[in-house]
Each structure stands twice: as structure tokens, then as C-alpha cells.
Amino acid sequence: MTLPSLLRKMPPFMPVLIILICMFALNGLAEPNSLSPYALKGLISTYLALMFLSVGQTIVIFAADIDLSVGAILGLVNVTLVSMMQVLGGEPAGIFAAMAIALAVGAGCGLLNGILVVVLRLQAIVATFGTSVLFLGLALWIMPVAGTPAPRLFWRTFGGRIAGIPFAYFVLAGLLVLIVLLSRSRFVPRLLTVGDDQLAAYQTGLPVQSIRVRGYVACGIFAALAGFCITGDTASGDPNVGGLITLNSVAAAVLGGAALSGGVGTLFGSVLGSLVIGLVGSLVFFLGTPSEWQNLVQGLTVLAALMVGILFGGKARA
Amino acid sequence: MSKFIKAASVMSLLGATATVAHAEEFTIGLSNGWVGSEWRTQMIAEAEEAAKAWADKGVTVTTKVQSANVDVPGQIAHVRNFISQGVDAIIINPNSPTAFDPVFAEAADAGILVIATDAEVSSPDAIYVGIDQKGWAEMSARWLAETLDGKGTVVAINGVAGHPANEMRVAGYQEVFGEFPGIEIVNEVNGNWDQAQGQQAMQNILATYPDIDGVWVQDGMAAGAWRAMQDAGRDDIYATGEIRKDFIDIWSENSLKSGASVNPPGVMASALNVAVNMLMGKELKEPATAGVYGNAMYLPIPFISDENLGEASAALEGQPGYTSYTSSLSIDDATALFD
């Protein structure tokens with residue numbers, strides 16, 4: 001078997017998987033404790049939010065769209081969830097009701113994005129940037145200053161263990177099951193078809209507009225799930241919590257093998273891409289990079305990882 | 001009994017010829033989640049220098065720094081990295097007042113001391129060592145009100161709406177101006193702590209309220225506001241200033257009618273000197289119980305006015321223009337706070 005055909009046969013997330021393994025190895029060499037059970041659990045619970053967010057981002061990227069409001073949706077969901085839990089009480093019934101409301105808020109934000117981009121045909125980058133300002137404004141209106149604590153039951157569960165296994169691992173398992181279900185459904189292949197060639201998809205009779213809108217709604221729902229994770233890991237409401245996370249979700253998707261031009265990628269790859277972003281930050285520190293260089297080195301490392309991914313991913317697609 | 005004293009007595013029992021040098025070794029992690037200003041760079045540099053100064057006291061303090069533009073999860077990762085490395089203490093300039101409660105609890109469980117600086121945190125597992133942002137605003141507001149003899153119209157140019165430090169500062173000046181019945185706040189605008197937006201806001205204010213007597217403006221926005229006033233030829237207005245050398249030079253050369261509360265970048269160095277004392281097992285004479293979260297220890301806030309402008313200028317002599325006027329607790333100052 002020749003190398004090109006090998007590359008063609010490998011799944012699109014192969015490059016990022018290799019990068020991820022290298023990152024783990026380098027982190028382990030630089031700081032053996034970074035592979036301890038505590039550190040691994042910490043890595044997962046810290047970056048669960050980014051994983052959910054980048055999976056949502058990948059769904060819209062599949063259809064050649066983009067959502068720059070995911071971080072703002074996450075912040076809005078965070079303050080909605082915390083405020084509603086306070087209103088409804090910290091008992092299981094109140095918590096689940098608050099989660100249902102917050103999930104609906106996420107889906108509603110996604111629907112609004114979908115209508116603006118797909119139905120009103122605004123440019124996705126501009127429209128979702130606009131809605132991000134709107135969602136941040138709403139979050140500030142709900143909670144003007146960061147501070148309301150989440151009920152103890154909520155964050156203790158998220159940070160705790162069930163049968164000796166950290167709860168975060170169950171959430172991760174849940175995410176992976178969701179990804180498998182989505183990938184086997186008609187939804188993901190249809191999104192990819194739309195992203196690959198919208199006109200052709202339309203001509204074959206696919207309901208292109210409805211598929212793209214549903215992509216945005218799914219993205220909003222995943223942003224809401226990311227909001228749950230961040231609430232679990234921070235135990236409080238902060239309207240500005242989604243500040244810089246949006247572009248990380250795009251970077252994770254691209255690292256994971258998705259093309260911004262649409263039609264290519266896997267949801268699983270984005271999960272791996274999120275972990276790579278997390279590990280890059282740690283590695284830069286564990287290698288002892290002087291503080292004034294950390295931002296630069298982190299940026300260069302992500303760039304290098306992107307280039308490696310695109311180089312091999314590109315060959316695989318060729 | 002502190003480990004320090006035990007170690008020292010063991011060494012003297014052994015009749016070691018060496019003094020207590022290297023009797024104690026501490027590793028302290030410094031986390032900074034935003035690198036957008038020289039103030040933060042100076043903050044870290046001063047803390048690293050403060051750590052080195054402990055060598056004279058026979059204590060080895062090693063710093064590990066994580067400083068990058070990160071989101072909240074990114075800074076939570078900073079803390080978890082420090083826990084994995086097994087540092088003795090973490091000093092953090094936090095990106096959120098509340099989001100670190102669970103991860104600080106993890107640090108406390110691992111026996112790590114956590115100190116926040118520059119921005120207060122709600123965690124019961126951490127203490128705050130820094131200035132009182134409200135007191136900072138009260139000080140300059142009182143200067144402005146008294147300089148205006150308690151009467152006149154003023155405007156305020158604020159930072160980022162909803163940011164905890166900004167809200168505390170707003171509460172501070174509103175309270176002080178409220179004490180002066182002759183002072184009227186005619187408008188309050190947001191300049192998002194951005195020098196250019198401060199300048200823009202000031203231009204709008206001068207156009208709308210040409211008769212104002214005073215301006216209360218924060219941080220780097222003050223340089224922008226002053227530029228707008230100078231461009232408009234308005235040397236009759238009193239306004240608060242800021243603490244970078246560039247501005248202090250302009251202030252001295254043009255005899256501006258200004259006064260500035262100082263939020264010194266040395267706060268992290270102060271926090272480090274407090275941390276080392278705590279790591280030695282000493283107890284604070286007055287426990288850190290101030291502030292809205294009941295876990296704060298407030299540092300003195302210097303004030304620059306015409307009376308001591310010359311001293312501030314001299315202290316910054318020969319430094320680059322972006323250097324902020326600074327102050328911090330020395331090792332002896334910090335040690336004096338402990339039993």
C-alpha cells in the first residue's frame with residue numbers, strides 16, 4: 001500500500017489524534033505530574049466546556065457557516081442557569097427545571113442566528129458577531145455584576161465522583177455518545193453535503209435552508225451544554241465568562257480537521273482539537289517559557305499544530 | 001510552632017556554621033490572565049524581584065509564572081497546572097471574581113495557599129491582598145470635591161460597565177460627591193478603560209457641557225481626557241490623573257490641575273511578601289476580613305497631588321514612559337503585619 005492511499009484511508013481526525021498524543025507525551029516529559037489522575041481529571045473538567053462548544057461550532061462549520069456568538073451564548077446560559085436555580089431553589093427539581101430553561105435559551109439564541117444568517121441572508125460572520133453583542137447585553141441585564149453562587153448540589157455533583165469515577169468522565173462519555181448518535185443520523189451527512197456544494201445539495205432536493213437553521217439551533221444547544229459545564233466548574237454566574245472562548249472553539253474545530261469552507265470534518269476531531277488547545281497552554285508553562293513569551297509561544301504552537309493538521313489532512317482529502 | 005523556627009533551631013543544635021540560609025524553600029505560582037497592559041508586565045516583574053529579595057533573609061523563594069491572554073477556563077487551567085506541580089502558594093490576578101471558587105477549594109485541599117491580588121475574589125479558600133478599589137475612588141473624588149471648594153458641576157468617565165472593580169469605584173465616588181451638597185454630577189459615561197475612548201468621551205463632554213468644573217476619570221483614560229482638554233485649550237478644569245511616567249511628565253511640565261490615586265503594580269509583590277510570611281506558619285495580627293467577601297487585606301493607597309508630584313517624578317526618573325508609579329510592602333513591612 002502506498003503512502004498516499006494510506007493517507008486517504010485514515011479518518012480525518014488522525015492528524016489531530018497524533019498531535020494530541022505528542023502533546024500528552026511532551027507534557028509528561030516536561031512535568032510527569034501532568035499525567036497524574038488528578039491532572040487528567042482537571043484537564044477534562046476544565047476543557048469540557050470548550051469540547052461542547054467546538055462540537056457545536058463544527059456543526060455549523062460543516063455547512064460552511066460560522067457562529068461567533070457561541071461564547072456569548074455560553075455566558076447568557078451561565079447567568080440564566082444560575083439565576084433560575086436561585087429562583088427555583090437548589091433542590092433537584094429546581095435544578096432540572098433551570099437546566100431546561102437554560103437549554104431553551106441556548107436553542108433560542110441558535111434559532112435567532114439561523115434566521116438572521118439563513119432566512120435573512122446576512123453574512124454569518126457579521127450577523128453572529130452582532131448577536132454576540134446582543135446576547136452579552138442580555139446577560140449583563142440578567143446579572144449586572146458577576147457573583148451569584150450556584151447551588152452546592154450542582155457544582156459538587158459536577159466536581160465530584162460517582163462510584164469512584166469523576167463525574168466529568170461521565171459527561172465526556174455522554175458527549176461521545178451524542179457524537180456517535182449525531183454522526184450516524186441523517187443530520188451530519190446532510191450538513192456536510194450542504195457545506196460541500198450548496199447549489200448541488202439544493203438541486204438534489206435537500207431542504208438546504210432548514211438544514212442550515214437546524215445546524216445553528218444544534219450549535220446553540222451545544223453552547224448551552226457548554227454553559228452547564230462552565231457553571232459546574234466555576235459554581236457561579238459571570239456574564240463575561242465567555243470572553244475569549246469563541247475563537248478557541250473555531251481553532252479546535254479546524255485543528256480537528258474541519259474546513260471553514262464546509263463539507264469536511266468530524267465532530268470527534270473537534271473534541272481532540274479542544275484537548276490539544278488545552279495541552280498547548282500547559283506545555284508552554286511546563287517547559288518553563290518566560291512569562292513575557294508565553295502568549296507568543298502558545299500562539300505559534302497552535303499555528304504549527306494547525307499547519308501540521310492541514311498539511312496531512314489536505315493530502316488525505318486530495 | 002512554625003517550621004521556620006524548628007528548622008532554625010535544628011540547625012543551631014547541629015552547630016552548623018552556616019546561618020539559617022536556605023533553611024526554607026518555597027515555590028510560588030503567579031497567574032496573570034490578561035497581558036494587554038504594561039501595568040501587568042510591571043506587576044509580574046516586581047513580584048519576581050520581591051521573590052529574589054528573600055534570599056537576603058535566608059529564604060529561597062522560587063516563582064513559576066503563567067501569564068497569557070486566557071479565558072476563564074484557561075485561567076482555571078493555570079491553577080490546576082500549579083496544583084499538579086505542587087507549588088506552596090498561588091498568587092493570582094483573577095479574570096473573574098467568582099469563577100474560581102471550586103478550583104481554589106481544590107488548591108486548598110492540596111494544602112496550597114491562595115492569594116488574589118488587584119481584583120477581589122469570593123472564594124472562602126483565598127484571601128485578597130491589594131488595594132480597596134472603592135477607597136481608591138473615594139480618595140481622588142475627595143481631592144476633586146475639596147479642590148473645587150465643595151461646589152461645582154462634575155462629570156465621571158468610568159471603565160467597563162458590570163466589571164466588579166468599576167462598580168466599586170463608581171460607588172466610591174458617588175458616595176463622596178454625595179457628601180458635598182454643592183457638587184452636582186451632570187453626567188457619567190463609560191470609556192471602557194481605553195485611552196482613546198477616554199479622549200473621545202471628553203471631547204463629547206466638552207461640547208455638551210462647556211461649563212463643567214471638574215472631571216473624575218480613571219486610569220489610562222485620564223491621559224486621553226487630559227489630551228482632549230489641552231487640545232480644547234481648557235486649563236480651567238480640574239480633573240483626576242493617572243500614574244504612568246508619560247502622564248506625570250506632562251503634568252509636571254504643564255502644571256496640570258490634577259491629582260491621582262495610585263493602584264500600584266507592586267500589589268503582587270506585596271501579596272508575595274505576605275504569602276511567604278504565611279508559608280512560614282505565621283499568623284496575621286489582624287486577620288484578613290475586610291471587603292464585600294470578608295477575606296480582604298487592604299494595602300495603603302498612595303496619592304499623587306501637586307504636593308508630592310516632584311517625588312513621584314523623581315521616583316520614575318530614567319524609566320520608560322509606560323512605567324507606572326509604584327509602591328509595595330517591603331519584606332520588613334509585610335513581616336511587621338504578623339505575630
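In case you wondered, yes, glycine gets a Cβ from its N, Cα and C as well.
Not measured: the values here are computed from a predicted model.
Straight from TrEMBL, the features:
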TRANSMEM  A:46-64  transmembrane segment
TRANSMEM  A:71-89  transmembrane segment
TRANSMEM  A:95-117  transmembrane segment
TRANSMEM  A:124-143  transmembrane segment
TRANSMEM  A:163-182  transmembrane segment
TRANSMEM  A:215-235  transmembrane segment
TRANSMEM  A:241-260  transmembrane segment
TRANSMEM  A:267-287  transmembrane segment
TRANSMEM  A:293-313  transmembrane segment
Original post:
If we call contact 3 or more Cβ pairs under 8 Å (sequence gap 6 or more), are the transmembrane segment (A:95-117) and the transmembrane segment (A:241-260) touching?
Top reply: no
Original post:
Most CB pairs under 8 Å with the transmembrane segment (A:215-235): which of A:46-64, A:124-143, A:241-260, A:267-287?
Top reply: A:46-64
Original post:
Under 8 Å, at least 3 Cβ pairs, sequence separation 6 or more: does that hold for the transmembrane segment (A:163-182) versus the transmembrane segment (A:267-287)?
Top reply: yes
Original post:
Counting only pairs at least 6 apart in sequence, do the transmembrane segment (A:293-313) and the transmembrane segment (A:46-64) share 3+ Cβ pairs under 8 Å?
Top reply: no
Original post:
the transmembrane segment (A:46-64): which same-chain residues, six or more beyond its ends, come within Cβ distance under 8 Å?
Top reply: 70-71, 74, 124, 168, 171-172, 175, 178-179, 182, 188, 191-192, 194-195, 198, 211-212, 215-216, 218-223, 225-227, 229-230, 233, 245-246, 248-250, 252-253, 256, 258-263, 265-267, 269-271, 273-275, 277-278
**OP:** Six or more residues out from either end of the transmembrane segment (A:267-287), which same-chain residues have a Cβ under 8 Å from its Cβ atoms?
**Re:** 12-13, 16-17, 19-20, 23-24, 26-27, 30-31, 34, 43, 46-47, 50-51, 53-55, 57-59, 175-176, 179, 182-183, 188, 248-249, 251-258, 294, 297-298, 301-302, 305
